[in-house]
Amino acid sequence: MNAAQLSDWHPAPSSISPRARGWLQNRGSLTQLIQRRCCSEFSVKPVFQSLATVCDDELAVMNLRRDELALVREVYLYCGETPVVFAHSVVARKHLRGAWRSLIGLGNKSLGTVLFTNPVVKRTPLRFKKLTAAHPLFSRACRKLRVQPGNLWARRSLFTLHGQSILVTEVFLPSILELA
């Protein structure tokens, strides 16, 4: 990822509370962090997985053409009955026969269990963005919310295995701040 490709995704979140910053900037497995802080049962609830076109701001990062399909997977991470994170991942179609073929059958398993248990997987630095209604992921992230916020913080990074990448974007829902 270069600066031109990430012009509106920043290397550090600005104007954010220390509590929210702790969630956003943690480089470990978000799944494991939520599981440790969740007093209820943790679960992954898939809402979409299919070959699809990707968001405009993902094209250059993933080196995809506008008409090129990728596997798009969207899930909510729940603490009990409360969604705390909306996760969106993108894998180029051509990489589904290679390094990332195991992602097709993840179902309600966490992607983090695949990414953080393989020592060969490399991660780029996190990038951050405050999503508004103008971003396509904002409305998708808000589907499970009773009240739509004015904005939502998101982070994303590339995970690479054998030269093939998956882009993972995590959108933090307001309820994440209620976890101890």
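For all residues, glycine too, the Cβ spot is worked out from N, Cα and C.
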Site co-member for substrate according to Swiss-Prot, given Leu111, Glu170, out of Arg65, Arg66, Arg73, Arg140: Arg73
DSSP three-state assignment (helix, strand or coil) for Arg73 (substrate binding site): strand
